[in-house]
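If you look up Swiss-Prot, you'll see Ser54, Val55, Gly56, Gly57, Thr58, Gly59, Lys60, Thr61 marked as ATP binding site, on the strength of sequence analysis.
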Amino acid sequence: MIKLLYPEFWQKRNIIAYLLLPISVIYQFLGYLRASLARPIMLPAKVICVGNCSVGGTGKTQIVMYLAKLLKARNVSFVIVTKAYGSNLTSATTIHQGHTALEVGDEGVILAKYGAVIATKNIKEIVPLLNELKPDIIIVDDFLQNPYFHKDFTIVSVDSQRLFGNGFLIPAGPLRQYPNKALDAADLIFLVSSHQDKIPNILTPYVNKLINAQIVPSNNIDKTKNYFAFSGIGNPERFFATLKNYGLNITGYKIFPDHYNYLQADLENLYSLAKEHNATLVTTRKDHVKFNDLNNNIVCLDVELSINHPDLLNEKIFKKA
């Protein structure tokens, strides 16, 4: 898997974006061809699919965590299906406590704390495992653009700062698909990290199914220390902003590609940078799980989702799913 940072031209069009447009046209054609040839299967339970239209972090994992807690509170049995990004997974696997991020992906390790999780790179491989687990609900993390299975309920996550970037498809822009079709079909749209009351113009037609959500810290961190922040996630800027809004003194930061698998040399370099800044290392939970027993001196910021319309979410989820 190619791992990329989010280039500036994905947010604001420039000559590079236009030069890449022919490849985006090919990407679009291949997507249409894939969808037209697909024969979607019915999974053995109701499916809630959480996805986005663009590359980069939009808060999907936090939405899945929120749904898992919601279903657990209602005593509804569920299984989470995750894509195992950045792992060496070769076949669908039910995650257990001993699995590492390299084996099943960072998101899988995190989500396993909330319930049963299947990691897979092929949606069709999960059916035998689902038949064993017999859930009432299947929460699918990502796979929104996957045409090979039926979705009963879809949630589209949108980052309030990036929105849909420059409006171009990969690689000229960040879009996996043009948003209108996905937004029209969505049962709910989450506008994530939205602290303003104003709704972006592109989302005003969908106000009746729009939920404003914030990603907020869920653990206590010593605010008297200096911190050097690093991350290898889809939206590192949001992580750094969350740290500052929390009141931490950030003396420096380093960005790695999304789903980055850290080497010992990276860790040594990070400790060196922290020492230069007289600071303690701080990172995300997705990064923290990759260090196993080596992360004792790295502080982790845990986050969770806070939403403005929990009643709307409850009504929609339990009415349809």
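Placed from the backbone N, Cα and C atoms, the Cβ positions cover glycine too.
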Counting other Cβ atoms within 10 Å of each residue's Cβ, which of the binding-site residues Gly56, Gly57, Gly59 comes out lowest? Gly56
Helix, strand or coil: which one is Ser54 (ATP binding site) in, per DSSP? strand
